[in-house]
Every structure is written in C-alpha cells, then in structure tokens.
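A short worksheet on the structure shown next.
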Amino acid sequence: MESGFTSKDTYLSHFNPRDYLEKYYSFGSRHCAENEILRHLLKNLFKIFCLGAVKGELLIDIGSGPTIYQLLSACESFTEIIVSDYTDQNLWELQKWLKKEPGAFDWSPVVTYVCDLEGNRMKGPEKEEKLRRAIKQVLKCDVTQSQPLGGVSLPPADCLLSTLCLDAACPDLPAYRTALRNLGSLLKPGGFLVMVDALKSSYYMIGEQKFSSLPLGWETVRDAVEEAGYTIEQFEVISQNYSSTTSNNEGLFSLVGRKPGRSE
C-alpha cells in the first residue's frame, strides 16, 4: 500500500460515523458547500434512477458508509437493495436507522427534499418506510478483494451503486482499476454501474481526523471505467467544491456505465 495512505485499520479504529454525518449531511437552509454538493448529488441520482433507464430488481450499494441519501431515488426503481461497507461502525449506524432505534441519524430534511424532486408522490415518512422495506441485507464489503462481499451467495445484480467510496478505498490507480474489475464480478451482463465521487481530492476531513483520497481527474476515471470493461452511457462533472477546511477536491462526477452483454 502506498506510504501514508489511510489504512483499513485506521478506518476501523478512527472513522466516526456520527461526526461524518453531522459534517456532510446536516442538510438544511444553511448555505454551505456541503449542502450544495448534497443537493447536486440528490438531483443527479433522481435523474439517473427516476428519469433514466436504470431500473431492475436487485441493486447492491458498495461502500454505503453510514448514509442512505444515495438510495432514496433508487428505491423507486429497484425492489431489492443490499447495502455494504468495510467498517463495522458504519454498518451499525445503518442498522440503527433501519430499526428506528433511539439516536439514529435524522434524515428527514434530505428525504423531504427528495420527495419534492419526485413530485411529492409520497410524504417523507412513507419514503423512509419504502426504503427500509427495500433493504434486504446489510453486508461487510472490501472492494480491494476479488470477492468484494466475501463468500456471500447472491444473484448477479442489475445495478451496482458506489458513492464517495472508491477514491477513499484505493491507494493508487492500479488498485482503483482492480477494484472496478472486482465489482464487475457482482454485476449481471447488461447491468448498470452508477458511480459518484470527488475529483482531484487527496484528502477529506472528519473533525480533526484526516483521511486519504486518491486524486483522479475525470479523464482518468473515464479511462479506468472503460478499461475495466464498462461502456459509459452518462458522465457528468459537478463543478462544486467542498469547504476548503473539509477537502481539496476540484468538483465531483457522476457516471452511468454498463457491463457488456444482454441482461435477462
């Protein structure tokens, strides 16, 4: 592993999901870069899942972290969702929300925003319940392994979703390319790959804790996805940076790729 890049053990010991959620997802009227980015991401995911052709039965979310925002529109297009993450504390945080336990993070402002994007077909609490029903499993994952979800037996997915994950999990470009190929093993022929990530970011902060990120430009991302065997159907660059004290990214991207072959 590249010297100085945040290790897996550091994530297990130092990644605080509550601090992360409060820093990046305390969505509200306050004008800040983090809120603006979240709005962009929610709009992009709405377009991909509700206005586009990305639909099916099974979606696997790779590197979910402690968040559910990325799945709010996806649950309109997929009947079964599997969430996954490397760190146990993120999986516990997801379980707290799924089980509506005391102290679970309040996603209601984000959910209300997505309901508004979707034309207010349902109220926030209904949307949250719909997503809870869709999430069938919470699994451990490691994108650096040839079997990212370990030995769990699953049908090939119609869609893989990965938001703000791969650049934090891969210390260098060869590892990034390998991770993309590893993920392909979970996807059925003709299945979709939906990715969202920061561009040219070498770190991000959670409180006083700095976590490494692999700084990639959009051309490098595009080439790596294509070299891993996917056809890119959509690629959008979001020209919004995080706060300077949070990250040194130069925008973000979202893409929709497709694995070769015909889906059943």
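Positions of Cβ are set from backbone N, Cα and C atoms, glycine also.
The structure displayed is predicted, hence computed values, not measured ones.
According to Swiss-Prot, TYR20, TYR25, GLY63, TYR69, ASP85, THR87, ASN90, ASP142, VAL143 bind S-adenosyl-L-methionine; the candidate from THR6, THR79, THR163 that the record adds to this site is THR163. Rounded to the nearest whole angstrom, the C-alpha distance between SER213 (nicotinamide binding site) and TYR20 (S-adenosyl-L-methionine binding site) is 15. Of ARG132, ARG181, ASP197, all annotated as recorded positions, the residue with the shortest Cα distance to TYR20 (S-adenosyl-L-methionine binding site) is ASP197. Around ARG132 (citrulline), the same-chain residues six or more apart in sequence whose CB sits under 8 Å from its CB are LEU98, listed in sequence order. When the Cα of ARG18 (citrulline) is compared against those of the binding-site residues ASP85, ASN90, ASP197, the shortest separation belongs to ASN90. Within 10 Å of the C-beta of ASP85 (S-adenosyl-L-methionine binding site) we count 27 further C-beta atoms, all protein chains included. The separation of ARG181 (citrulline) from ASN90 (S-adenosyl-L-methionine binding site), Cα to Cα, is 24 Å.
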